[in-house]
Amino acid sequence: MAQQASGKPSPFRRFVELLSSERKVIGYIYLYAVFSGIVNLSLPLGIQSLIGFVSGGQLVTSVSVLIFFIVVGVLVVGGLQVMQLSLVEHIQQRIFATKAFQFATHLTKIKGNQLGAQNLPEMMNRFFDVVSLQKGLAKMLTDFSAAAIQIVFGLILLSFYHSYFIFFGLVLVLLLFLILRLTSPKGMRTSLEESKYKYRLVHWLEEMARNIMVFKSASNEKLSLEKTDYYTSGYIKAREAHFRVLITQYIGFVGFKTVITAGLLLMGSLLLVNQEINLGQFVASEIIIILIINAVEKLLVKLDVVYDVLTSLEKLGGVTDLPMEENKRLGRELPARHQAISVQLKDVAFRYAGAQKYALQGVNLSVMAGEKICLGGSEEAGRSTLLQIMAGIHTDYDGTVVFNGLSLRDYNPEIMHEQIGFYLLPGRLFEGTILENITMGQPEVTLDDVLWALEMVELSQYIQSQPEGLHTVIHSYSPGVPEGVLQRLALARSIARKPKLLLLDNFLSSVKNSLRERIARRLVCSEIAWTVILISNDPIIMRLCHRVALLQDGKVIKELVSERTSPEELNSIV
């Protein structure tokens with residue numbers, strides 16, 4: 001079936017699509033395989049003719065010429081195989097590059113509702129299936145194609161010797177089909193089950209590595225070893241089940257090989273005794289039969305390669321099948337005359353996939369262009385979710401989000417992201433230089449912008465103290481680098497391109513109060529025209545903003561003008 005019950009392509013369908021994308025190169029590979037198969041027949045035909053010459057006493061010129069052509073045939077086959085390998089290598093490189101860019105594209109365009117539903121870092125391990133796909137596809141395009149063509153041409157050649165061989169050819173094809181048809185579905189299921197436990201084990205080992213201090217603090221290794229044993233046992237059971245399928249297929253082939261060999265030898269002997277074929281034809285037919293049997297054996301013994309290829313495609317498809325953002329909007333851009341973005345939220349509601357309760361329940365809020373707003377409330381109030389919606393991460397919300405008089409859904413998402421700077425939790429840095437982490441490879445962010453951003457968050461001296469300066473490499477978890485420094489670097493990244501809307505989640509929670517206040521004053525000063533919406537329960541930060549909106553249970557329950565609100569009232573909100 002081309003489609004599975006879930007509506008996703010079946011592994012076989014994915015395989016067909018992969019071949020279709022490389023059909024031109026694969027066509028050349030098969031063309032070389034056809035020529036190779038034809039030339040390969042020079043061996044049995046040459047031996048047949050050689051026996052005829054020897055029987056006729058022609059031992060000089062004719063034999064020498066015949067041997068010469070047989071040797072040339074072997075060389076031609078070798079040359080065609082080299083050309084095949086070159087084309088296969090080209091396909092392997094294209095597969096690696098294509099899958100790499102597919103993964104990168106899907107990660108940046110993935111729908112927001114998948115961020116919580118999928119463990120994306122763990123899913124990236126699927127990329128290693130590209131290696132299995134490369135190796136398996138290479139064997140299928142060379143060994144399998146050569147074997148299949150050898151079987152077809154061999155059967156055709158046998159049919160010229162006698163019509164009885166046509167019947168045996170049909171029986172051979174039928175038996176092959178029955179063996180594969182009866183055993184392959186179970187083989188595919190067990191192969192997928194084996195792969196599932198493999199990745200579960202890797203994920204568990206990654207969890208142990210990420211929380212190494214927790215496991216080191218445990219009094220014994222009971223839990224870590226129990227779960228490792230569970231996943232390892234599951235993998236071994238699945239592999240044993242898959243191996244049983246392969247053994248069943250091979251046992252079927254042994255029986256098939258025995259019957260076919262015995263039948264063809266018996267038929268050839270009878271035809272020779274009855275003088276329906278001569279001695280040369282008999283020897284040649286037996287050589288062809290041996291070649292056919294060896295080709296069939298090559299196909300069946302290496303069926304695990306087929307399962308590996310189909311399983312790899314299914315695992316890679318688990319990432320590339322993730323829903324992406326639809327780009328069906330008007331493609332509207334913010335006019336350059338707008339230095340800041342006004343925001344209107346009307347009855348905005350949102351519920352995470354699988355959640356019973358709404359994270360947001362009819363939020364209504366208006367923010368004027370250039371205004372600075374603080375969102376207060378508890379951790380469960382829905383403030384972070386609200387910022388994520390305004391940042392365009394979650395698109396499946398109810399209600400309306402309007403930027404400068406136009407629905408957020410009508411803007412071009414890529415261009416809109418260029419106008420929004422956001423620091424959302426967890427505000428991690430990726431492995432790369434400080435400069436790369438701040439610019440994100442955007443050419444419009446100049447060195448002057450980077451230096452300005454670092455000055456805003458008071459990191460200029462810290463960067464100057466590093467031996468490599470801006471080219472200092474920051475690692476994923478940056479051991480030894482204070483959390484406050486990491487948060488300020490992430491904030492510098494958010495403001496470097498001088499966005500028109502700045503969204504800040506849990507504003508610099510790991511930075512000491514006095515430094516946080518100084519940075520906040522710079523961000524909310526009237527000299528910078530951008531609109532700022534930040535999350536904080538710090539009364540000092542609240543007073544620096546124009547207004548404070550208090551959220552509770554996914555709703556805005558109170559709005560206060562900061563300059564008209566006493567410090568006591570702000571403290572009571574906190």
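Quick reminder: no glycine exception, Cβ is built from N, Cα and C everywhere.
Just so you know, TrEMBL annotations are computer predictions that nobody has curated.
Remember, it's a predicted structure, so these values are computed and weren't measured experimentally.
According to TrEMBL, the feature domain 'ABC transmembrane type-1' maps to 31-308.
Here TrEMBL flags 343-573 as domain 'ABC transporter'.
Per TrEMBL, transmembrane segment is recorded for 25-47 (among others).
Marked as transmembrane segment by TrEMBL: 59-80 (among others).
Here TrEMBL flags 140-158 (among others) as transmembrane segment. Listed by sequence, the residues of this chain that lie at least six past the ends of the transmembrane segment (140-158) yet keep a Cβ under 8 A from its Cβ atoms are 26, 29-30, 33-34, 36-38, 40-41, 44-45, 81, 84-85, 88, 91, 165-166, 168-169, 172, 285, 288-289, 291-292, 295-296, 298-299, 302, 305-306, 309.
When Cβ-Cβ distances below 8 Å are used as the criterion, the transmembrane segment (250-273) is approached by residues 161-162, 164-165, 168, 171-172, 175-176, 179, 183, 279, 282, 285-286, 289, 293, 296-297, 300-301 of the same chain, each at least six residues removed from its ends. According to TrEMBL, the feature transmembrane segment maps to 250-273 (among others).
The average pLDDT the prediction assigns to the domain 'ABC transporter' (343-573) is 87.
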